[in-house]
Amino acid sequence: MAAVAAVAARRRRSWASLVLAFLGVCLGITLAVDRSNFKTCEESSFCKRQRSIRPGLSPYRALLDSLQLGPDSLTVHLIHEVTKVLLVLELQGLQKNMTRFRIDELEPRRPRYRVPDVLVADPPIARLSVSGRDENSVELTMAEGPYKIILTARPFRLDLLEDRSLLLSVNARGLLEFEHQRAPRVSQGSKDPAEGDGAQPEETPRDGDKPEETQGKAEKDEPGAWEETFKTHSDSKPYGPMSVGLDFSLPGMEHVYGIPEHADNLRLKVTEGGEPYRLYNLDVFQYELYNPMALYGSVPVLLAHNPHRDLGIFWLNAAETWVDISSNTAGKTLFGKMMDYLQGSGETPQTDVRWMSETGIIDVFLLLGPSISDVFRQYASLTGTQALPPLFSLGYHQSRWNYRDEADVLEVDQGFDDHNLPCDVIWLDIEHADGKRYFTWDPSRFPQPRTMLERLASKRRKLVAIVDPHIKVDSGYRVHEELRNLGLYVKTRDGSDYEGWCWPGSAGYPDFTNPTMRAWWANMFSYDNYEGSAPNLFVWNDMNEPSVFNGPEVTMLKDAQHYGGWEHRDVHNIYGLYVHMATADGLRQRSGGMERPFVLARAFFAGSQRFGAVWTGDNTAEWDHLKISIPMCLSLGLVGLSFCGADVGGFFKNPEPELLVRWYQMGAYQPFFRAHAHLDTGRREPWLLPSQHNDIIRDALGQRYSLLPFWYTLLYQAHREGIPVMRPLWVQYPQDVTTFNIDDQYLLGDALLVHPVSDSGAHGVQVYLPGQGEVWYDIQSYQKHHGPQTLYLPVTLSSIPVFQRGGTIVPRWMRVRRSSECMKDDPITLFVALSPQGTAQGELFLDDGHTFNYQTRQEFLLRRFSFSGNTLVSSSADPEGHFETPIWIERVVIIGAGKPAAVVLQTKGSPESRLSFQHDPETSVLVLRKPGINVASDWSIHLR
């Protein structure tokens with residue numbers, strides 16, 4: 001959905017002129033992103049204050065006499081040498097090669113927000129012990145692994161080592177800045193603090209404060225500390241400045257990734273002299289590319305990679321956050337006392353990372369790898385893995401704003417059948433609801449929604465309807481009345497219901513940080529409450545940043561009040577996660593906990609992967625937007641959000657046929673595959689294109705559906721282990737420096753390499769095939785190429801450059817039907833691509849495709865296929881799973897094989913049987929026809 005500047009084009013109903021006039025005055029109407037509507041660091045007072053602090057000796061000192069070491073953690077006080085304010089550092093060793101530390105005020109005037117509901121559990125502890133000590137430092141040893149932590153007292157600093165190698169330093173540049181809470185000055189005292197949890201700022205210093213010592217530079221209240229104005233919006237700050245900042249130094253690291261969401265390259269850029277990367281969930285109309293502006297979601301996780309090591313930093317803070325990246329060269333002289341702990345000589349490259357958040361505490365997890373797969377598992381152990389989606393959601397989704405009415409929906413449904421195109425889901429945008437009242441249907445356009453859903457169900461198709469988290473203020477609207485009467489809306493500073501302007505006009509915003517609100521919302525998806533809904537109706541949560549058309553930066557006022565007395569500034573980036581969570585819970589509960597939900601959300605945070613899919617938002621029908629979808633989804637996958645996609649064709653503008661074809665080809669090889677379009681664009685259903693383009697799109701859809709068993713297995717692996725589905729090349733080839741900057745091609749699992757064509761009029765692409773000693777097979781021609789090399793590959797409009805790695809086995813369905821549900825019992829064909837050593841392996845996950853029985857009743861199959869010594873073996877990769885299925889093995893295609901004299905099938909309890917085969921000597925492809933064995937059975941095929 002588009003934001004403020006899209007309103008002029010989007011509103012065609014009676015209130016359109018009011019919205020347009022109002023928003024035109026407030027924010028201005030433009031044809032692209034208006035940067036003036038969004039803050040720079042200079043315009044964000046806390047970012048400006050934090051960034052004004054330059055590297056140097058830290059004013060903080062650790063009071064080693066206060067150190068206490070317990071079974072779960074170490075605590076020590078930190079003192080600011082100027083203000084004499086005390087902080088407390090809590091340090092924990094964690095199992096699985098992780099460390100956590102938290103810094104908070106020792107005696108806060110008011111508790112600071114600690115982010116709940118992101119961690120799936122309290123991480124298990126690996127005890128710390130003191131292994132050395134002198135007058136200015138303490139050496140700690142972790143119970144797991146060869147790790148030591150050096151706590152230096154003056155200036156305060158942490159260094160984390162593996163054996164005698166320095167991995168990471170904290171506050172090495174002296175940029176720790178913790179704005180402690182204080183009483184407002186007399187000149188600032190005219191404003192009363194907001195009603196919250198009852199804690200009121202005092203008007204006099206705390207006991208022990210020394211006024212003459214609190215008037216130094218660190219105590220000066222700079223502009224914006226107690227009140228801030230941006231454009232026409234005033235932000236009261238009743239609790240004063242409360243920002244936190246800290247630096248991390250990563251010696252040996254030159255390549256860092258993560259901290260999505262940004263429309264930028266995969267590798268993070270140095271931000272010195274420019275804008276930091278911003279993490280603040282915002283509805284950005286027609287966002288620009290290749291800059292660090294905030295977008296719809298925020299995941300405060302940064303990954304660092306070199307050929308020998310991977311590390312992660314997880315900054316658990318839900319407030320507005322800025323991240324500075326700088327490049328350095330660290331010689332031994334930089335480390336001072338750390339000389340004693342370092343080996344080698346000379347200088348080493350270094351990346352420095354600086355985090356700055358408006359409120360909250362400093363809560364950091366250090367993920368120590370050592371490999372990137374270890375980092376993925378470590379992060380997944382903290383925040384959970386990608387939810388296993390229902391099979392249908394991996395098919396093709398047809399959407400636009402908006403399908404007009406029931407007849408239009410059913411015509412689109414029939415169009416896919418008439419043109420022999422597969423499709424699983426049709427989508428409805430905001431116009432389907434009665435006056436933008438969510439959980440309702442427009443009675444003139446959708447008078448019989450259940451009948452429409454039944455018609456789709458008869459075709460084994462689904463419907464997704466939008467349910468946004470803003471509620472029309474209307475006394476006759478049951479949803480609004482209940483929320484108001486129950487007191488479940490976000491409040492203003494004075495305690496009244498917060499109202500903003502969005503699609504329905506004046507709207508209330510449910511307080512999803514309140515567990516009672518989330519339970520109420522989940523209950524709204526029951527079939528009784530959501531009238532006209534049915535089991536094949538699923539949900540789209542748009543605008544959940546939250547988007548407020550007349551709010552500052554198109555979002556909510558920061559001094560709005562949430563459950564527990566917290567301000568919106570404390571919880572902003574987690575709001576969208578809570579919407580996603582409550583909706584997914586609702587879809588799960590409506591089936592009695594049996595059915596897996598499908599929910600697409602635009603805003604997200606760390607942990608959102610547990611609740612469904614995300615997409616890259618309101619993109620544009622331009623070639624650069626096609627290109628940028630690759631690094632955007634790769635970045636999301638690196639931080640756990642594997643189920644990602646981009647609007648095929650671009651949301652804004654009308655794509656030329658070539659661009660639309662190329663987008664379908666790319667979308668077919670990205671996890672979430674949905675075409676979507678703006679209200680004012682032309683209709684884009686594939687059959688409306690000239691026949692030559694329609695045929696190419698049909699082929700792209702066919703490739704997607706053929707690979708559904710492979711996609712489903714990849715999503716299960718992401719769900720089980722936390723590894724991304726769509727991977728940068730360096731994840732699989734961590735020592736190949738050439739791969740570290742590549743973001744125009746990617747891997748699906750470890751088997752397929754995809755290089756989409758993303759340039760207009762392209763006649764060829766440069767494909768990098770990685771891996772010393774690897775071979776790669778073109779999946780269409782079976783031509784073999786050796787790695788590592790850069791290959792020029794000629795392309796036509798019908799080309800999708802995809803290669804299968806030698807050494808992998810990919811399962812496919814070869815009969816493309818109208819939807820995935822129509823294919824789920826079809827036989828499997830195995831594509832076995834042999835390595836130079838004549839080996840290959842792969843997996844296949846199967847279950848019923850839609851319930852939680854794979855979890856609750858162990859009803860699933862995970863089969864492992866292995867080829868070596870001219871023998872293909874099928875065995876169980878997880879003996880705990882059991883699932884009866886009619887699926888059988890129809891064919892085996894072995895790529896890179898010689899011609900055997902005979903092929904023999906062996907199954908337990910049955911005599912050997914010979915299989916017919918066909919061999920093509922030009923392509924070295926051997927096809928084994930109709931082994932006819934159930935996919936759940938153990939068997940072996942021998943080439944003799």
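Cβ from N, Cα, C; glycine included.
According to Swiss-Prot, the features are:
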{"type": "SIGNAL", "residues": "1-28", "note": "signal peptide"}
{"type": "DISULFID", "residues": "Cys41-Cys47", "note": "disulfide bond"}
{"type": "REGION", "residues": "181-238", "note": "region 'Disordered'"}
{"type": "COMPBIAS", "residues": "203-236", "note": "compositional bias 'Basic and acidic residues'"}
{"type": "BINDING", "residues": "Asp283, Asp429, Arg602, His676", "note": "substrate binding site"}
{"type": "ACT_SITE", "residues": "Asp618", "note": "active site, proton donor"}
{"type": "DISULFID", "residues": "Cys633-Cys644", "note": "disulfide bond"}
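Features recorded in Swiss-Prot, as mapped to the structure shown.
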residue : record                    : Cβ within 10 Å
Cys41   : disulfide bond            : 20
Cys47   : disulfide bond            : 26
Asp283  : substrate binding site    : 29
Asp429  : substrate binding site    : 24
Arg602  : substrate binding site    : 27
Asp618  : active site, proton donor : 25
Cys633  : disulfide bond            : 28
Cys644  : disulfide bond            : 27
His676  : substrate binding site    : 25
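For the pair formed by Asp429 (substrate binding site) and Cys47 (disulfide bond), distance between Cα atoms is given as 37 Å, rounded to the nearest Å. Geometry remark: the residue listed as 'active site, proton donor' versus Cys47 (disulfide bond), CA distance 27 Å. Under DSSP, Asp429 (substrate binding site) is assigned to coil, being neither helix nor strand in the three-state scheme. Among the disulfide-bonded residues Cys41, Cys47, Cys644, the residue whose Cα lies closest in space to that of Arg602 (substrate binding site) is Cys644. Cα separation, Cys633 (disulfide bond) to His676 (substrate binding site), rounded: 17 Å.
Secondary structure at Cys644 (disulfide bond), as computed by DSSP, is strand.
DSSP assigns Asp283 (substrate binding site) to coil in the three-state reduction, outside any helix or strand.
If you take the CA of Cys644 (disulfide bond) and look 10 A around it, you hit none of the recorded positions from Cys41, Cys47, Asp283.
The two recorded residues Asp283 (substrate binding site) and Cys47 (disulfide bond) have their Cα atoms spaced 21 Å from each other.
Cα of His676 (substrate binding site) to Cα of Cys47 (disulfide bond): a distance of 36 Å.
Residues Asp283, Asp429, Arg602, His676 are listed as the substrate binders, and the farthest two of them sit 17 Å apart at their Cα atoms.
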